[in-house]
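Trainee: I'd like to ask you about the structure that follows.
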Amino acid sequence: MLHKKPQRANENGISQRKKPSDQDNSSVKEGDVAGVHQLATLLMLLDPSDDVSRILCTDALYQLDRIEEAHKMLSLALSNSSQRSPILSRLALLQFKKGFIYDGNQLIKKVIQIGDTSCLLPIMDIFKEEDRKLMQNHCHAKALSILQSQQGDSYIKEAIAYLSFAIIASGGHAKDSLLARARCYGQLGQKKTAIFDFNAILKDEPYNAEALSGKGFMHLTLNQQKEAVHDICLAIKADASYAIREIHSLKPEAQLIITEWVYNHCRTLLAELLTANNNFQSDPTFNELEVLAEALIKTDNKAAHFHILYTDILIAKEKYDEAFNYLRKSFNGNAIDETVRARYGVLHVKYRNLLVAAQELCTLAGKQPEEVEILVKFMDKRERQSLFQAAGQEGNSLIQENQHEKALDYYSLAVISSNNNPKYLRQRAMCLTHLRDYSSAIKDIDKAILRHSSHDLKTQAEDYCSKGHILLLSCDEDAATTQYMKAISMEHASAVASINNMPGRVKLAGIFSQVANRYFEQRLFEESWKMSECGLLIDENNQELKRLKARIKREASGCIVH
């Protein structure tokens, strides 16, 4: 009956004034409180040792504004009562109300020493808002005073107790006290408890930058990357200046970790947007990315990759001149590496300077192809086509000048910008073969083979011959002959024409003879027979293969070899 009902609030959280009917009810409520007082007094007469009745009586006296009587009754009960914490808490509130701050603080200190802060919860439903506010303000100020003047875990724990009183007195919505207590828990290593307090703030204010930053840092210390990045990004979007100051307050190692996490998140998000969204310039996420990139630059202006990220976002938003000027302002001299040059390359594509674009992009295509795969997504289909044609032509020119290493980068750019066009895969494979990087050359030929048209048998046969030739150069004769056999069975004339070109029919037939003889010695007659027949399709005049076939017939009598 003594507990107050919550005051109505409008949709903005502002308390509404009482209606006349509410004011009429106040007299009824006062009568109820008087009745409670009389009943509690009667119970005390029946049992003078009943602490619960005495506390109920003092609460009624408080609500009837009979403060001195309530104070006197509580003071008398304190000496021999088992309910020390509830009595001390009520006395403290009354002392604050009377203006005796020192006495009130001493009483609160005793409650803290007892360690029973839960006694405040029922009191908060009885005491008036202005009186609760007095306790809240005092306890918060006292906690801050302790934190500013003292050091050590014991003082932090004492401050937490005062802050807990302030939070309870506020009804659980004291933002400043929740923030301070969360930070205290963080200092004590109680990260999850700190996160609980930050979440309490965010429940009322989802975009509170202080709570988001603090919570993000707790997740950082727990090595929870996804959660930390989520909160820090929200904090930056809510109040970038504050979030940046908070990041700067961290130790250098922690600053590096959190900024790299945010950077990687931005990179991933940018790549996903470029892949999934054809009309990405209008996507609001790009504006958020721009804010995050600007914040990263402000946290560490010397980090080149942050400037590169910001440039990429400008390019994605089709702000080409702004991106060009930003690159020129941010990088000069030795700072211009292949990643910076590649961004100039993308801009030159936009400006239709295709040869210059290829020159700027090709080095990165050779060193970090996965990054160029992202950059070409800034280009439309026509721009990519123009780029891979220019890169392919330049690669061919360099081959003629016997500059295979330079040509390789251009072919790599052509492969990437053409989305693994078999033509450029074959050209790069030839270049790699000349440079004796046989394993990479085979990978390119395999990719070309995977993109075969089922009707183009001539091209398929030529690719299998190319792969066979590379395998020969890498001294894998067994695997090489297998590829040539595939080519001959697929399109004989085209395969023989390729073999004539390299390594030559006579030479290859000799290799087939060696492999077939090895199979024969291992008594693998069927394999030896097939190898001999295929070798004779390459060079029908090879006498060794003819003699081997005759030996197989004799040795394998009774075995089916064809």
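Yeah, the Cβs are placed from backbone N, Cα and C, and that goes for glycine too.
Okay, these came from Swiss-Prot:
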type     : residues : note
REGION   : 1-30     : region 'Disordered'
COMPBIAS : 19-30    : compositional bias 'Basic and acidic residues'
REPEAT   : 51-84    : repeat 'TPR 1'
REPEAT   : 175-208  : repeat 'TPR 2'
REPEAT   : 210-242  : repeat 'TPR 3'
REPEAT   : 304-337  : repeat 'TPR 4'
REPEAT   : 388-421  : repeat 'TPR 5'
REPEAT   : 423-455  : repeat 'TPR 6'
REPEAT   : 461-494  : repeat 'TPR 7'
REPEAT   : 509-542  : repeat 'TPR 8'
Trainee: Averaged over the whole of the repeat 'TPR 2' (175-208), what is the pLDDT?
Mentor: 96
Trainee: For a three-state summary based on DSSP, what are the helix, strand and coil counts in the repeat 'TPR 3' (210-242)?
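Mentor: In the repeat 'TPR 3' (210-242), the DSSP-based counts are 29 helix, 0 strand, 4 coil.
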Trainee: Count up the helix, strand and coil residues in the repeat 'TPR 6' (423-455) according to DSSP, in that order.
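Mentor: For that range the per-state counts are 25 helix, 0 strand, 8 coil.
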